[in-house]
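**Student:** TrEMBL feature annotations, pasted as is:
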type	residues	note
ACT_SITE	SER153	active site, nucleophile
ACT_SITE	ASP236	active site
ACT_SITE	HIS268	active site
DOMAIN	65-166	domain 'BD-FAE-like'
MOTIF	84-88	motif 'HGGXW'
Amino acid sequence: MANWRHMETKVLEEQYSPSCWSLRMDKDAVIKAHVKELTEGTQRSRGITHTLLNVSYGSEVGEKLDIYLPSKSIGAFPLLVYIHGGYWQELSKEESGFLAAPLVAKGVAVVAVGYDIAPKGHMDLMVSQVRRSVAFISQQYPLSRGLYLCGHSAGAHLAAMVLSTAWSEYGVKPDIKGVFLVSGVYDLLPITRTYVNLPLQMTEEVALRNSPMQHVQEVKSVFKNCRIVVAVAENDSLEFHRQSREYFQSLQELGLNTSFSVVANTDHFDVIERLCQEEYVLTQMILEVILDA
Ligand SMILES: N[C@@H](CC(=O)c1ccccc1NC=O)C(=O)O
């Protein structure tokens, strides 16, 4: 396939419109079903787990997170921080607890992070917010049995940016033991040439500064032993496959502990929705990584 720089805008925009590639439903239906699945799943998780909702990790209204806790826990549990997707302009933490039930049942606490989506938030702010949320959690739970990150789509981009944080500026060094990046974007430059950038208004400079592909060296210097799983939905577009593969390859070339998975029979949306199911291959992979540590 052509290099993205040589694609017509229409073709590039289609590559970066995940809803065009689902084999299950049409464009509008798949997004509607996605929001419904995440919302209902989050309601279910809230009904069956002990929760701490709207915990502030910063002074801004949007700087809040929800914690889903295992029962009978005394603080010595692993924590999985989930960063939602939605192209930095949709969704919120209110639909982001859907994955908690099967993890909490195995003794893993789940944190759903809220951040200021565009147009209120801009890229530098969102990156700073997710970094501060992880710093906050690591200070709040010093006895935890390790921190894990999971991000979907734009949230996988933000999780990858957390990995390349200069932690000295945050006064902590979180014990991040594993990261699950699902159908993410790691080079923001192509995005600047699409409709996705309308509310974001990123310049090329902002896009480069916030592209995980540009910051893999920082990952190496801090997280030599962290397990990094790069996963992409089988039915994601070629550009999404390329982005995941290239990010994985850069990490691998640096000798990091990383693996690459194409999740069979999934599209951009159910690849993450299905984390509410215990038997789903990605849920099992996450549990194996966390419980084997
Ligand atoms: N314009 C995008 C919309 C999109 O990606 C999206 C929309 C609502 C909620 C989540 C989304 N994406 C991934 O999480 C698309 O074509 O799929």
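Quick reminder: no glycine exception, Cβ is built from N, Cα and C everywhere.
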**Student:** Residue list, the motif 'HGGXW' (84-88) vs rest of chain: Cβ under 8 Å, 6 or more residues beyond ends.
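**Tutor:** The answer is 95-96, 112-113, 117-118, 121, 123, 126, 151-156, 183, 196, 200, 272.
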**Student:** How many other Cβ atoms are found within 10 Å of the Cβ atom of ASP236 (active site), counting all protein chains shown?
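**Tutor:** Its Cβ shell of radius 10 Å holds 26 other Cβ atoms.
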**Student:** Enter the number of other CB atoms within 10 angstroms of the CB of SER153 (active site, nucleophile).
**Tutor:** 28
**Student:** Could you state the whole-number distance in Å separating the C-alpha atoms of HIS268 (active site) and SER153 (active site, nucleophile)?
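**Tutor:** Counting only the Cα atoms, the answer is 8 Å.
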**Student:** Can you tell me the CA-to-CA distance separating ASP236 (active site) and the residue listed as 'active site, nucleophile', as a whole number of Å?
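**Tutor:** With the alpha carbons as reference points, the distance is 11 Å.
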**Student:** Enter the number of other CB atoms within 10 angstroms of the CB of HIS268 (active site).
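**Tutor:** Its Cβ shell of radius 10 Å holds 26 other Cβ atoms.
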